[in-house]
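*Asks:* What TrEMBL records for this protein is below:
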- 570-597: coiled coil (COILED)
- 252-510: domain 'Ion transport' (DOMAIN)
- 36-68: repeat 'ANK' (REPEAT)
- 165-184: transmembrane segment (TRANSMEM)
- 254-276: transmembrane segment (TRANSMEM)
- 297-315: transmembrane segment (TRANSMEM)
- 321-344: transmembrane segment (TRANSMEM)
- 356-380: transmembrane segment (TRANSMEM)
- 474-496: transmembrane segment (TRANSMEM)
Amino acid sequence: MYFGEYPLSFAACLNQPDSFRLLLAFKANANAQDTNGNTVLHMCVIHENMEMFKLALESGASLRTVNKQSLSPLTLAAKLAKKEMFREILELEGDSVWAYGDASSTAYPLAKIDTINETSGEMNEASALSLVVYGQTIDHLELLDGLLDTVLDAKWEAFAKKNMIVSFVSFTIYYICFVTAVSLRPFGYSTEMSTEGWINRYSEPFPGIYKLNSDTPTIPLINTSSGIHQWSAKLTQCHLRNYTDPDMEFTSSYLRLVFEVLVILGVLIQMFLDFRDIKRAGRKKWFNVLKAFPAKIIYKTTYFLILLMIPVRLACDLSPVLLTIDNTLITITVIFTTIHYLFYCRVIRFVGPFVLMVYTIIATDIFRFLLIYGIFLMGFSQSFSLIFLSCEREATQIKNIIKNHTESLNLTEKAMYEKTLASMDPVTIKNAEVFENVIQNPVEAFVRTFILTIGEFTVLYRNLALCPSNTMVWIGKAIFIMFELFVSIMQFNMLIAMMTRTYETIFQTQQEYKRQKAQVILMLELSLSPKDRLEYLLKYSRPTGTNKRARSLVVNKKAVFNPDSKQDTAAREAKAKQVLEEKKAILKRKMKDMELREGLVVGGMRPVTGYQRTPRLHTQYLNRQVQANNQKQNEEKDKDK
């Protein structure tokens, strides 16, 4: 257990108020930091001891002291998801603007709450909002209620909503250009290339046969603008690059070129914006924010795939394989680009949690299933491979006996083969003649066994039943039954159960939508410049006192009239009275700290750090000044006499 490194921290952790006061009387420092930089207030947060926290605060402990992780008591409570401590500290830091009955207006300082630094406009990773939004536990979600939810709504209205719409419209325009460029590709030329001319670019079969001579294979002829030519791969393998081909339609040539240029420009613009964000925020911080959005990560890989297609298309003369690579890249890019719409779905209330379900199921449930499933698959696949290899050898041996019996001219050998065949079961001989080994190698065995799990086992089981070795037939059937029980039935049902559990866990968490929306807001905030962040901060906050740099968020709480809840009303009034008394006690302590700091009280405690200076002169100070002046005047009169 961690109790701090000072007796004062130890007393606070063990909830010993008398010992705590005794240590203070002997000049213990309430702001002393241990090796980790934690003070008494940090220790009270870790051990969730609110009473000792208030006592330490009244004794001069500072809420602004941060530990070596740059965490104040408030942000430490946010990181550890200490809900009650977090809300109590917020109330202690808040400044009441006005209150009328149950209705009130409170200003909360944003220095340790908001993700925007009040001075520089940089992103504050150690803020309470950032720690809660990127927290991994369900307890962190509960902290999104109240003040943090209000901050997120203020950010959404200030800039995130507008930026999200602009981003969505821009991506949709880019997506339309991209899909149009793909749709205008001359797929008929690719078909002609893959069929070596037997199905032409107009999707029509080759009508005739052309022979060079009797020894060469048939070669189709194609019509071009320069006449009839013998088909060659070089005529079509660069059709994607030949935008000026007179045989190509306008939409597949010049119009496609326009949209492809627009797509490349869109990619370059987006890469420039990403590099600008990386330069502003730093590579580490940018990747930490980006990793919460798998759809956006997948989409950003399409930038490099599209740029990779440029040299592949320019070098198409080298080999027909480059055309296949080009078509493969564009197929993957279309899928990855479309997935990016999932990023925008995360801010939709009835869709966002389901997007998270897909991510979570793929990252956890399916990954664990594939790990276990792969082990079973490798074992059973090699078992089936050995069984079919044994069956093939048995079938080959019987076929050789039949062949030797038919072709042998030696009567003795023929009689021996005939005797061997007579001792065999006629069904076994018939099975040996029709048996086919559907598993030729270990890789084929792996694929065949995988096909078994999706219910396609007819081919494998039929050939297994035709095995000429009865022993292998029974062994194979036993392994087949075990595979169906332990893999097809048990493991797939286990996968369904895991996915159901994940679905129910996320669905029952009502705050998950808020976290998804919050992550999108912080992602959009990262793309802003520090100057723009400060401007938006000024929109949803107000100055704290006379310091215009320090900002606060004003939260208005409306009165809720409920005549049937008299006990609740009394409890709220008692709570408000208690908070008021605590604030009065803290104010008195601050005034006494000011007096101790100025050295105006003799015989008191040692000076401790206070919160602020007050311009009001204390009455005791004025009385002492008057006495000093009177004494000085009396001394001067005595000298004159």
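A Cβ is built for glycine as well, from the same backbone N, Cα and C atoms used for every other residue.
From a predicted model like this one, the values you see are computed outputs, not experimental measurements.
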*Asks:* Under 8 Å between C-beta atoms and at least six residues away from its ends: which parts of the chain pack against the transmembrane segment (321-344)?
*Replies:* 164, 167-168, 171, 175, 178-179, 182, 185, 190, 193, 237-238, 240, 293, 295-296, 298-299, 301-302, 305-306, 308-309, 312-313, 315, 355, 358, 520
*Asks:* For the domain 'Ion transport' (252-510), provide the mean pLDDT of the predicted model.
*Replies:* 83
*Asks:* Tally the residues of the repeat 'ANK' (36-68) by DSSP class, grouping H, G and I as helix, E and B as strand, and everything else as coil.
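*Replies:* Summed over the repeat 'ANK' (36-68), the classes give 16 helix, 0 strand, 17 coil.
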